[in-house]
Amino acid sequence: MTFMEFEKLRHGTELIKRGFARMQKGGVIMDVTTPEQARIAEEAGAVAVMALQAVPADLRKAGGVARMADPEIVQQIIDTVTIPVMAKARIGHFVEAEILEALGVDMVDESEVLTPADPFYHIDKTQFTVPFVCGARNLGEALRRINEGAAMIRTKGEAGTGDVSQAVKHMKQIQGEIRALAGKTKEELIMVAREIEAPIELVVETAKMQRLPVVNFAAGGVATPADAALMMRLGADGVFVGSGIFKAENPEKMAKAVVEAVNNYDNPAKLAEISKGVGAGMKGISADMIPVQEALQERGW
């Protein structure tokens, strides 16, 4: 495949953008803050890396305003690895997204991990040629983001905690709401669309497919190979790992183990071998201990 052919494949119409997102299915996407970390992620088998100024655990600890990563660092990461490079922009900050698109990132994450820029609106992602990924806690949030042009959805979870419980909650919430659509009449689906504030066309499509119209990855608190396998068993199309890699005792071993766990998520014996000797995971914090006003998952609507 030539460079130009790949450019056409990853950017463009909604169909092409969704197709590029689908190409990451079954893989692990890792948060990185430096070219060196990006290289570790690639060598471990990550399908893509996510560039940001600091991993969520550090952003949570530091407080203040969290913004997109320095474009120079993003460019260095792009130049360092051969796998796709994604980067985070603040909710509603379309200029950050435009800058990242101009840099040549493969996907933009309109992320609640960063400090939201717009208290009213998310980015109109249909105006971009680069695909977007967005977080969601329930079916309404997921379909609203897809209606805005998101090519991939991920659970919000509670980033930077190392506690997978919220990612589990959000994955089960979305899937439960999708199952509840089965067998409903058109009139009943219209009522559901009103209740969850989502376009009826997307509700009907989701009901027919019995899954989201785009890939749905797990994110937010995945910290061990077992966590990654759990999310795959629950129906995730792939896994984002943020602080769980580079806050672990041995990032290189943890990165490789998480990738292997996703590849062998339905094989307990293999998972047992994969999990041996990887070192301690990130210390983390229980998501239940975080006040609602400080929960990152509450950002966006």
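Cβ from N, Cα, C; glycine included.
Going through GLY135, GLY183, GLY221 against Swiss-Prot, the one listed in the D-ribose 5-phosphate site together with ASP31, GLY160, GLY242, SER243 turns out to be GLY221. Those residues noted as binding D-ribose 5-phosphate (ASP31, GLY160, GLY221, GLY242, SER243) have their most widely separated CA atoms at a distance of 12 Å. Cα-Cα distance from ASP31 (D-ribose 5-phosphate binding site) to LYS88 (active site, schiff-base intermediate with D-ribose 5-phosphate): 10 Å (rounded to the nearest whole number). SER243 (D-ribose 5-phosphate binding site) sits 15 Å from LYS88 (active site, schiff-base intermediate with D-ribose 5-phosphate), taking the Cα positions as reference.
Each of the recorded positions LYS88, LYS172 was scored by other CB atoms within 10 A of its CB, and the lowest score goes to LYS172.
Within 8 Å of the Cβ centroid of the D-ribose 5-phosphate site, not counting the listed residues ASP31, GLY160, GLY221, GLY242, SER243, the chain contributes VAL55, PRO56, ALA57, VAL113, ALA159, THR161, GLY162, GLY220, VAL222, ALA223, VAL241, GLY244, LYS247. Of all Cβ atoms in the shown protein chains, 28 besides its own fall within 10 Å of the Cβ of ASP31 (D-ribose 5-phosphate binding site).
A simple way to gauge crowding: the CB of GLY160 (D-ribose 5-phosphate binding site) has 28 other CB atoms within 10 angstroms, across all the protein chains here.
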